[in-house]
Amino acid sequence: MHKPVGLCCPGSEFIAKPCAINLGIQDSGPHRAQPNAILEKVFTSITKSPDGKRLEGLSKQLDWDVRKIQRWFRHRRNQDKPTTLTKFCESMWRFTFYFSIFFYGIRFLWTAPWFWDTRQCWYNYPFQPLTSRLYYYYILELAFYWSLMFSQFTDIKRKDFLIMFVHHLATIGLITFSYMNNMVRVGTLVLCLHDASDFLLEAAKLANYAKYQRLCDAFFMLFGVVFIVTRLGIYPFWILNTTLFESWELIGPYPSWWLFNGLLVTLQVLHVIWSYLIIRTASKALVRGKVSKDDRSDVESSSEEEDVTSNSTKGIFSTSSNGSNRLNGHVAGGQWTGEE
């Protein structure tokens, strides 16, 4: 069962939930499966997705059509998933954090010399002062990513669970490692760059949950552009350039150089994977006339008929018409991700 909204969304009861209700988002979950002791026992004790042979056996035992049993299991799986209200509150919390921390970082870095000249990251290293503003910036980011790491194990498991786990692990490792080695100057650049697109994704999710499809599509497209420009353009040619080449030139191959850059390159590999997913979703959107559905969605379609009926109300973070999950998270964080 998904954890209560208040545990994952600070202030959700006082801010996010009233906003959601004013937008017409109700605290109602998916269609509930009708009570059935036999199917419930199979679901809880044996499997949540029975194969064809087991379905045939259950069909004979209950004198139910196989399709009806399949629909029951879909409803039962969806029954444990978070409601739209819960997901709205989670996305609002993430949007608030990403938006606030990004503009805090921009305001702080605007007057920092290394923001305009990355070679300043290595001058006088490691004897560089750690200001209080820089310290709090780091601590806030580290605490947030630790919360994402832990929440992965209590949230609904996504298709990109492993990718997101590696991302959070690499990010926490980089923040901790750079702080311990006083590489905080280049660390702030990495953090700010990654925050640049994340709040746009959460804004797209919020619009999707509120059923503002055009606004959702606009935010998603903007997110895609910013993500690709920052992660495939600025990150390798600005960040990796200074950590791989300028650092080597100015301070030489220090002992932890390989580990530090290994983690940064790992992030770049993840950026390429996510960019591919974003481009694939955007290309489908151009064909269909609206943003495609989330490959990492946590809600399954109940039946093909239901999919056709509800197709006009589904956006980025729904499932495909055959009930299979497609993108997510980070894309569709990211949740893309999500669900993010």
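Note: Cβ is positioned from N, Cα and C throughout, glycine not excepted.
Counted with DSSP, the domain 'Homeobox' (39-83) comes out as 32 helix, 0 strand, 13 coil. What TrEMBL records for 39-83 is domain 'Homeobox'.
As annotated by TrEMBL, DNA-binding region applies to 41-84.
The domain 'TLC' feature in TrEMBL is assigned to 86-287.
Taking Cβ pairs closer than 8 Å, the transmembrane segment (95-115) reaches residues 121, 133-134, 137, 140-141, 144, 185-186, 188-189, 191-192, 195-196, 198-199, 202-203, 206 in its own chain, all 6 or more past its ends. Summarising the annotation, TrEMBL assigns transmembrane segment to 95-115 (among others).
According to TrEMBL, the feature transmembrane segment maps to 135-154 (among others).
Sequence-distant neighbours of the transmembrane segment (161-180) (same chain, 6+ residues past either end, Cβ-Cβ under 8 Å): 138, 141-142, 145-146, 148-149, 152, 186-187, 190-191, 194, 256, 259-260, 263-264, 266-267, 270, 273-274, 329-330, 333-334, 337. Taken from TrEMBL, the feature transmembrane segment applies to 161-180 (among others).
According to TrEMBL, the feature transmembrane segment maps to 219-238 (among others). Beyond its flanks by at least six residues, the transmembrane segment (219-238) meets 118, 189, 193-194, 196-197, 200-201, 203-204, 207, 267-268, 271-272, 274-275, 278-279, 281-282, 285, 291, 316 of its own chain at Cβ-Cβ distances under 8 Å.
The transmembrane segment annotation in TrEMBL covers 258-279 (among others).
Sequence annotations record features per position, and here TrEMBL assigns compositional bias 'Polar residues' to 313-327.
Long-range Cβ contacts of the transmembrane segment (135-154) within its own chain (Cβ-Cβ under 8 Å, at least 6 residues beyond either end) map to 3, 8, 97, 101, 104-105, 108, 161, 164-165, 168-169, 171-172, 175-176, 179, 184, 187-188, 191. The predicted model assigns the domain 'TLC' (86-287) a mean pLDDT of 89.
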